[in-house]
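Quick look at what TrEMBL lists:
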COMPBIAS  131-143  compositional bias 'Basic and acidic residues'
REGION    65-84  region 'Disordered'
REGION    131-157  region 'Disordered'
SIGNAL    1-21  signal peptide
């Protein structure tokens, strides 16, 4: 019986410890103070969508953000994005998007380094030889394909 009493005391002590350790209240996340956030006016917002699929939009904000894009019914698009970074440097990006993909242009975009050395002639010759072999193999595979017959006989005849 003594062991049973000790066990009860331990269980009650554990429950009391959990109850004391539980959070005593709820703190909602801090709301954004309206004095901290600044609303930037939109100076221009012009959007057009024509029935033929062409579209155009131009947006400019008071803090210098400029977005413009135009496109045609074929899906081709071109546009410009520009703004000023907090350190004062200007960012400008123009782009074209068409059947050749998205083609951005900006001095802020990374550029692949120049190839470190010229490609040796023997490598260029090997590449050309491989191209010729591929063409020959393609011609051979096309000539070995039989054209379908215009008439078919009974099986086994």
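Residue numbers in this text run from 1 along the chain shown.
Backbone N, Cα and C atoms are what each Cβ position is placed from, and that goes for glycine too.
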Helix, strand and coil totals (DSSP H, G, I; E, B; other) for the compositional bias 'Basic and acidic residues' (131-143): 13 helix, 0 strand, 0 coil
The region 'Disordered' (65-84): DSSP-derived helix, strand, coil residue counts: 0 helix, 14 strand, 6 coil
